[in-house]
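A.B. asks: Sharing a structure below in structure tokens format, with a few things to ask.
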């Protein structure tokens, strides 16, 4: 007999962990299932004398690589279609691996087959995947296996991931142009300040004539950039590294996320984006038949803002104590009256899943419109700012030349 450390899901969707005594890993899984637990990972407990080694969790995290969302969407959708056609899971995985479009998909599916061949469930296979897969996806698959509607869950997950990817892609494409303008402007100004302006103004300075105010200001800026430019870059790098280390702690990251939500414009965008993702995921899970408490736990993992995630997890605890979803959301004070109203209508009409999907569409549309309007104002503002800075440098160079010509 040996000790095994496990992580598992209860029927309600809550994750639990602990140790269990069993003869083997397979025996430990069987004992957990007898306790009405769905095991996610079961691993031999490492002896204290081996504490110098990396834990299996850390070694797995270090070995995992990122997987393009498009690959995961395609694999999950193929599995859903094949399972709906009546194929057993192992045969469906074999066919998907055979038809994989690239090496990443083939490696992913074959790793799942290998784990399932050792007696593990699909959710366990996803958790032990060589590629990083979101915890919300693993939890949703675990609930689907427990409720015997795995193919429906897989299809819903694929739809949800695809919608999220489309929304992120729209925002990313919209931000490419202004980002390119800003980078180009900084490069042009750096070149002019470090190389062009000093060479041209050196002639004027050597003449020992009094230079115009604008020329003196540009020369001072140029000298400052030459003298302190590298120092400022190094300082910015140190600040960035320090900020990353500070944010690595969960408490600090949550404080930062809370501060972001209080910002006048960005905070509203973050709220709309997270509520849109949460309501869509929750609606998809409820439509697939996932129990509401389990669906709420899974959907909360989709929320990237830790402050909002904590508020939504508190909603689950209030519902366990008998409160309705509408009342729990109202008490959470998320700043979204429309969400509370629509959830109340959904609960009253027994169409909560449909109402949540409408909420997601509403907030996503509002977010897209707000960002689009902001960028329409930002792009010309950046162009005007670039023009003003370049004209200032040109004027600083031309004014002394014009004064010298007038003197002649």
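Note that Cβ sites are derived from N, Cα and C of the backbone, with glycine treated the same way.
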A.B. asks: Pick from 282-303, 304-325, 326-347, 348-369: which stretch is listed in TrEMBL under transmembrane segment?
C.D. replies: 282-303
A.B. asks: Quick one: which of 150-173, 174-197 does TrEMBL have down as transmembrane segment?
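C.D. replies: Matching range for transmembrane segment: 174-197.
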A.B. asks: Under the DSSP assignment, what numbers of helix, strand and coil residues are found in the domain 'Type II secretion system protein GspF' (76-198)?
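C.D. replies: With helix first, then strand, then coil, the domain 'Type II secretion system protein GspF' (76-198) has 102 helix, 1 strand, 20 coil.
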A.B. asks: Tally of helix, strand and coil residues over the domain 'Type II secretion system protein GspF' (278-400) according to DSSP?
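C.D. replies: For the domain 'Type II secretion system protein GspF' (278-400), the helix, strand and coil counts are 104 helix, 0 strand, 19 coil.
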A.B. asks: I'm checking region-level scores; what's the whole-number mean pLDDT for the domain 'Type II secretion system protein GspF' (278-400)?
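C.D. replies: That stretch averages a pLDDT of 89.
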A.B. asks: Please give the sequence-distant neighbours of the transmembrane segment (174-197): residues at least 6 beyond its ends with Cβ less than 8 Å from one of its Cβ atoms.
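C.D. replies: Hits for the transmembrane segment (174-197): 218-219, 221-222, 225-226, 229, 371-372, 375, 378-379, 382-383, 385-386, 389-390, 393, 396-397.
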A.B. asks: What else in the chain is close to the transmembrane segment (228-247), if you only count residues 6 or more beyond its ends and a Cβ gap under 8 Å?
C.D. replies: 190, 194, 253, 256
